[in-house]
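One structure below.
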Amino acid sequence: MENVSTISSNKITNNSGKTVYDSKNTSSKFTCYLCFVAVFGALGGFSFGYDTGVVSGALLFIRAEFELDSFDQEVLVSVTIATAMITAFMSGYLGDKIGRRPSMLIGSFVFTVSTILNGVSKTYWMLLLGRGLLGIGIGVILMISPVYIAECSPVKYRGPLVTLCTGMMAIGRTVASIVDGAFSYDKTGWRYMLGLTGVPSLVQFIGFLFLPETPRYLVRNDKEDMATHILQRIRGRSDVSDDIKQIKEICQQEIKLKELQGVLLSLIVLAVAFQLSEINSPEVTYSEDVNNTCLSYSSCATCIKEPNCGFCYIEDGYSAINGSCTQKLDTMTAKYGRCNSTELSDGLIWGTTSCPSQYFWMCLLGLSLYLITFSPGIGPLPMTINSEIYPLWARSTCMAIASSTNWLFSLVISLSFLSLTDSVGAYGTYWLFAAVVVLGFIFLFFTLPETKDKKLEDVESLFETPWCSCGRSGSLEINRKTNKPV
């Protein structure tokens with residue numbers, strides 16, 4: 001009779017019904033050492049969150065100092081994403097070749113060096129080089145850190161600890177907003193904004209000098225004694241023989257990519273979870289025809305889309321009266337007419353980037369709903385799911401592909417967002433994003449199984465059945481000799 005095992009949510013039984021593994025009997029403590037591993041592993045999320053938050057404030061000063069146009073700004077942001085995408089794809093091989101810990105040390109070091117270069121940049125090209133190096137560091141850190149945390153964490157704590165990385169991203173963005181505000185009164189403040197990005201990455205680099213390699217990587221590379229010692233410290237118990245046995249079994253199984261149908265398509269589409277209504281823009285009702293080349297625009301919305309024009313108006317609640325479209329001198333004043341620096345009165349307002357609207361609250365509501373739904377859902381879950389669903393032998397490669405795909409679409413968005421809003425408007429852009437989210441929801445509903453409370457070594461079996469999971473979970477019978485479903 002074949003040796004058939006049944007894998008349920010917390011135990012493995014053989015064909016005679018005898019339990020050969022029970023996670024309840026091998027429960028692990030939440031040790032200080034595990035906390036140390038998780039926090040330093042997640043610091044990369046803080047660094048990334050801080051950078052994405054602080055760069056928007058820094059760009060306001062960088063644009064003025066280096067006289068950048070919209071394309072230059074898009075390239076400055078996109079070069080980080082582009083290098084991160086390429087590096088994330090290569091990091092899978094790097095993590096398998098030299099280990100998770102050395103990869104994190106390399107990523108943290110490059111990240112720190114790049115922030116120093118950003119802070120002292122004297123030219124646009126020097127800054128561009130620094131941003132490119134920053135992407136290399138981010139690509140390595142964000143690809144390896146979820147794998148590192150997942151491979152060190154017990155089943156009970158794996159999900160929360162992996163999502164800690166995303167939580168740190170949110171904290172990083174919050175800190176970035178505070179730093180932006182603190183240095184916004186100095187025209188050279190952008191150097192401090194970007195330079196301080198290296199502080200958390202430096203702390204992470206120092207921390208990883210004292211952190212271990214993951215037990216699963218060590219077992220895979222025939223270092224069982226070292227893996228046992230590390231597992232004992234992480235688990236908080238001396239008997240880790242069952243854990244080692246499970247890891248060894250999965251490492252010895254034959255590698256067959258065809259048995260993992262659907263795994264590489266598990267990336268959740270990152271998109272915006274809210275939509276905006278079209279804003280009723282104030283009309284141009286006041287004519288300033290002296291030396292005015294902006295007469296052809298009939299509303300505030302169309303006026304401010306022209307780089308050389310701005311909207312001059314008198315505020316009336318949340319709307320405007322006596323609005324006119326005229327040439328701009330800079331973001332503060334018009335070149336001619338009522339909003340010129342020599343004629344601007346207290347009652348007049350000059351706008352070049354936004355229009356007054358009674359629907360402003362919808363933008364705040366949409367942004368609030370996005371942050372509320374993103375943080376507990378689509379924000380942390382891609383990182384958690386991708387760190388769980390892949391088998392040990394393919395984890396780094398699959399994470400690299402998933403991470404690179406993520407960076408690829410981030411690059412597409414960063415390179416096209418301004419052009420897209422110019423072409424179809426803000427409301428059209430967000431309708432498009434909302435449609436992508438709907439497609440992502442449908443895909444995940446039919447393909448993604450539940451991985452809660454399952455050991456990393458057992459999750460592979462969930463993907464040995466056809467694509468459509470329809471929310472399935474529970475037991476699956478596996479032939480342990482052939483490693484195929486019964």
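Glycine too: its Cβ is placed from the backbone N, Cα and C atoms.
Look at TrEMBL and you will find 30-50 (among others) tagged as transmembrane segment.
Annotation comment: TrEMBL describes 37-452 as domain 'Major facilitator superfamily (MFS) profile'.
The transmembrane segment feature in TrEMBL is assigned to 75-95 (among others). When Cβ-Cβ distances below 8 Å are used as the criterion, the transmembrane segment (75-95) is approached by residues 51, 55, 59, 62, 68, 103, 106-107, 124, 127-128, 131-136, 138-140, 142-144, 147, 396-401, 403-404, 406-408, 410-411, 414-415 of the same chain, each at least six residues removed from its ends.
The transmembrane segment feature in TrEMBL is assigned to 102-120 (among others). Sequence-distant contacts of the transmembrane segment (102-120) (same chain, at least 6 residues past either end, Cβ-Cβ under 8 Å): 41, 44, 47, 91, 94-95, 126-127, 129-134, 136-141, 144-145, 148, 191-192, 194-198, 201-202, 204-205, 208-209.
Long-range neighbours of the transmembrane segment (126-149) within the same chain, counting only residues 6 or more positions beyond its ends whose Cβ lies under 8 Å from a Cβ of the stretch, are 37-38, 41-42, 44-45, 47-48, 51, 62, 66, 75-77, 79-88, 90-92, 94-95, 100-101, 103-104, 106-115, 117-118, 158, 161-162, 164-165, 194, 197, 201, 204, 214, 383-384, 386-387, 395-396, 399-400, 403, 407. Marked as transmembrane segment by TrEMBL: 126-149 (among others).
Residues 34, 38-39, 41-54, 56-58, 142, 145-146, 149-150, 153, 189-190, 192-193, 196, 200, 375, 379-381, 383-384, 387-388 of the same chain sit 6 or more residues outside the transmembrane segment (161-183) yet have a Cβ under 8 Å from a Cβ within it. The transmembrane segment annotation in TrEMBL covers 161-183 (among others).
Sequence-distant contacts of the transmembrane segment (189-211), counting only residues of its own chain at least 6 positions beyond either end whose CB sits under 8 Å from a CB of the stretch, comprise 36-37, 40-41, 43-44, 46-47, 50-51, 54-55, 57-62, 65, 101, 104-105, 108-109, 111-116, 118-121, 130, 134, 137, 141, 172, 176, 179-180, 182-183. If you look up TrEMBL, you'll see 189-211 (among others) marked as transmembrane segment.
What TrEMBL lists as transmembrane segment is 359-381 (among others).
According to TrEMBL, the feature transmembrane segment maps to 393-418 (among others).
Look at TrEMBL and you will find 430-448 (among others) tagged as transmembrane segment.
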**Report entry** Segment-level pLDDT (mean, integer) for the domain 'Major facilitator superfamily (MFS) profile' (37-452)
**Finding:** 73
